[in-house]
Amino acid sequence: MARPKLHDFRRIVVKVGSSLLIDSGAGEVRATWLAALAADIAELHRDGRDVMIVSSGSIALGRSRLKLPRGALKLEESQAAAAVGQIALARTWSEVLGHHGIGAGQILVTLQDTEERRRYLNARSTIAKLLEWRAVPVINENDTVATNEIRYGDNDRLAARVATMASADLLILLSDIDGLYTAPPGSNPDAKLIPVVDSVTAEIEGMAGAAGSELSRGGMRTKIEAAKIATSAGTHMLIASGKIDHPLKAIAGGGPCTWFLTPANPVTARKRWIAGSLEPKGTLTIDAGAVTALRAGKSLLPAGVIRVDGQFARGDAVIVRGPDTHEIGRGLVAYDADDADRIKGRSSPDVMSILGVSGRAEMIHRDDLVVGTAPG
């Protein structure tokens, strides 16, 4: 597959590691470098692209502000350092993006937020609303509450999960190396940069070293794992050097990097997962008007639902049937079974008065809905 161009992509996640963002000697943000990156992000934003940032650095910034000694931190020390660093990190991103008239929204996530469907939907909705408002979500693992048993441990895989969650079509991992090499370039003069990876094979995985630093928990192995997550969900990924000023501009200009390509697109991959990999927990029967709307690519609104069967939680997969009981499709429902039954047949403005809270306008959003024949 040919190497893509940066301008081919509409929704982009940019991951920035601690070793790029923080000067390891001074323990402070590399302000000049970050200003250049923010200018690159602003240019993409002006061109109408959705941009999200997955930013490391909270622990590194916190330990600097607290003047902690070098060396490994215990879990509770890391959590406390992150509590201080997250404030500084959020302020930093807000200021550099604000210089370009762009609002920044901080989102702190844990492993469960991307693995438990209800929390997944909440996080995805927050990201979607920020993007709708033309803000830039700045996402980090919530190191203040994550434990060793329930954490990512690196932001490469977190970035891949965020890209999947947001249906991004490109994930950029800015690193201290400009891509995947056939051998460690620091010790092997014959090492060659691999410009395009069509599939993550055992051979590709074997090329990943274990390089990391005191400030950064990740290495090439975690980047390969991120590539597997991203490409399986229909998101292209690339690794490029962030050690230069204006790294995104360099990528756009054809600079050295490694592309990990996928034949699918995010929406197709996600809908394949909904249709074939999730066990339905219930059924929604809808009227003829709703059937027509769904087949025209619309979301399913409460007004179109005439019957609710089964016991399901918010975020579970359900079958959608027409008035003749024929299966119309499958999707992830935005309400649990009890609430869905209470608001069926009612207009969206009635939902708040019935439930006492402001709920989703849709029973199933079109991005969470697969309309077609039932899987075999």
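Using the three backbone atoms N, Cα and C, a Cβ is placed for every residue, glycine included.
These come from Swiss-Prot:
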- Lys15, Ser175, Asp176: ATP binding site (BINDING)
- Ser56, Asp143, Asn155: substrate binding site (BINDING)
- 281-358: domain 'PUA' (DOMAIN)
Does DSSP give Ser175 (ATP binding site) helix, strand or coil? strand
Cβ atoms other than its own within 10 Å of the Cβ of Ser175 (ATP binding site), all chains, total 28
Among the binding-site residues listed here (Asp143, Asp176), identify the one with the smallest other-Cβ count within 10 Å. Asp176
Among Lys15, Ser56, Asn155 [binding-site residues], residue with fewest other Cβ within 10 Å: Asn155
Reduced DSSP assignment, Lys15 (ATP binding site): strand
Whole-number Å value for how far Ser175 (ATP binding site) lies from Asp143 (substrate binding site) (Cα to Cα): 21
To the nearest whole angstrom, state the Cα distance for the pair Ser56 (substrate binding site) and Asp176 (ATP binding site). 14
